[in-house]
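Annotation comment: TrEMBL describes B:15-38, B:45-62, B:68-90, B:102-122, B:142-164, B:193-215, B:227-254, B:261-282 as transmembrane segment.
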Amino acid sequence: MTGALTISGLDCFYGEVQVLHGLNLDLRKGEVLCLLGRNGAGKTTTLKAIMGLVPARSGSIMLDGHDLTKLAVHEVPKAGVAYVPQGRRLFAEMTVAENIEIGLMTRNKGSQTRESVLELFPLLRDRLRQRSGTLSGGEQQMLAMARALCLEPEVLLLDEPTEGLMPSMIARIRETVTKLRARGVSTILVEQRVDAVLSVADRVSFIENGRNRETVGVGRLRKDPAFVQRYVGVG
Amino acid sequence: MSFGPHLLLATLEGLVTSAVLALTALGLSLVFGVMRVVNVAHGEFFMLGAVLAWWIASLATGHPAVGFLLALVVSPLIVGAVALVAERLVLRRLDYNPEATIVATIGMLYIIQQLALTFYGPEARPVEAPFSYRILLPWFGYSGYKLSVIAFSAILLLATWFVLTRTKIGLVMRATQYDRETAQAFGIPVGRVYAGVFALGAMLAAIAAVLIVPIQQAHYLMGLDPLLLSFIVVIIGGLGSLRGTVVAAVLIGLSDGIISVFFSPTLAKIIATLIVAMVLVFRPQGLFGTAAR
């Protein structure tokens, strides 16, 4: 399998504080790679660094032979990386249709993309004129994913998409991730809880103190829960 | 003149003030709404628009309408270009830091003002109105030009509303306003949007100034009043709210016109300032603003 996205030796800082220490990560084409780790380990920062929202001081992020760290921030999504931020970050004052429109404008996609995205989230079709801030949490999450999929991305970044949702919604979000995997979208998924991951991910990277400690297949993780205990266990 | 016609005259005068004020305040409101920059030099962009209008009109020969129309097109373009340069050279280098940009725009205020004094001089000079038709009402005659100022401002406000709510440019501007970081994650070049918005804000002030020079004269200190009134309007209406800006401009313009005619201009200013204080105490987000998230 070839790599969809390769991060090597990434250093990132918030002001003077170093958050990522030479992080390496390798996303394969068509897989779901999950980043697991405790609060403050650097999972969200890794995603923000890929988007260029946190500048990389050194290291590289290669997509299709291009180094994303060399691009202007707004060029990164145009290169084919779509981002579903933590807390969804919809344009809350805008309607559902306008949020989708912004997604479509990113890479000049047209009505065909719009249709295929709405097919994935039929619920949104009835809400197009509604202000997105008034949607329920689960619906907002779907819209955030729909907006990102309007880019027809090569790589999709999902930051805690199931956070704060009720179980039936969590199940639907997982279903969607599985569907996208079947379509060949390579996904990096950030999660806090291991049980949210086992059913959808191919491999899991354990992030600790801004480093990728270990990347293991889900099969191995199921057999040997000691990994989880070591990197995300309490106490 | 009896009370009724007197009130009508005061209302018309107030509406002219409202129309020009709405355009100026809208520029200030857009810049703050999208960029979070308090542009203290906004009034100087207004003044620059007026002074340039005089200069352009004085170059043109023939019918006064030729010079005026030329000024209406060219003066806002020059002011927009000046604002664009200021944005690139100053505001962007400060990373749009709220405190630093206030100080920087105060500096811009003095630079523009002193340049105007140096090259234009301390005189007040009028621009001839494009037409001098007077509408004869049963009680008094009223300048047709003043009525056309009201109409033209209304059309411009509607056009701005249309651009903001119905076009892709407006969508991009609003996305930048609501969430700069997420906008970037969807390919929006935030820096270029900022530059465009700052230029647009200055151009709205310049258009308002060109409209007003046939009524008031162009003078290098004329920027102070529009700046103050724009801040008053924007605070009352709610920052970043187009509807609030228009409603507050009409409110302030009308009360200014009517109170000035029947009582005194000073009382009008006192009342406007009092309204601002009341709004700040009881509804700090403004009449139509949404509370900060």
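Glycine too: its Cβ is placed from the backbone N, Cα and C atoms.
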Distant-in-sequence neighbours of the transmembrane segment (B:102-122), which means Cβ under 8 A and at least six residues beyond its ends: 37-45, 47-48, 51, 54-55, 82, 86, 90-91, 94, 218-221, 223
Selected stretch (most C-beta pairs under 8 A with the transmembrane segment (B:227-254)) from B:142-164, B:193-215, B:261-282: B:261-282
Non-local residues, at least 6 beyond the ends, that sit with Cβ under 8 Å of the transmembrane segment (B:261-282): 6, 9-10, 13, 229, 232, 235-236, 251-252, 255
Distal contacts, the transmembrane segment (B:193-215) - CB-CB under 8 A, six or more residues away: 16, 19-21, 23-24, 26-28, 30-31, 34-35, 37, 39, 42-43, 45-50, 52-54, 68, 71-72, 75-84, 86-88, 91-92, 96, 126-130, 145-146, 149, 152-153, 156, 160, 172-173, 176, 183, 222, 226
Surrounding residues of the transmembrane segment (B:45-62) on its own chain - C-beta under 8 Å, 6+ positions past either end: 24, 27, 68, 70-72, 74-76, 78-79, 82-83, 112-113, 116, 120, 125-128, 201-202, 205-210, 212-213, 218-223, 226-227
Residues of the parent chain within Cβ reach of the transmembrane segment (B:15-38), under 8 Å, 6 or more residues beyond its termini: 45-46, 91, 96, 98, 101-102, 105, 146, 149-150, 152-154, 156-157, 160, 173, 176-177, 193-194, 197-198, 200-205, 207-209, 211-212, 215, 226, 229-231, 233-234, 237, 239-242, 245-246, 248-250, 252-254, 256-257
Within-chain partners of the transmembrane segment (B:142-164) [C-beta distance under 8 Å, separation at least 6 from its ends]: 9, 12-13, 15-16, 18-20, 22-23, 26, 129-135, 170, 173-174, 204, 207-208, 211-212, 214-215, 242, 246
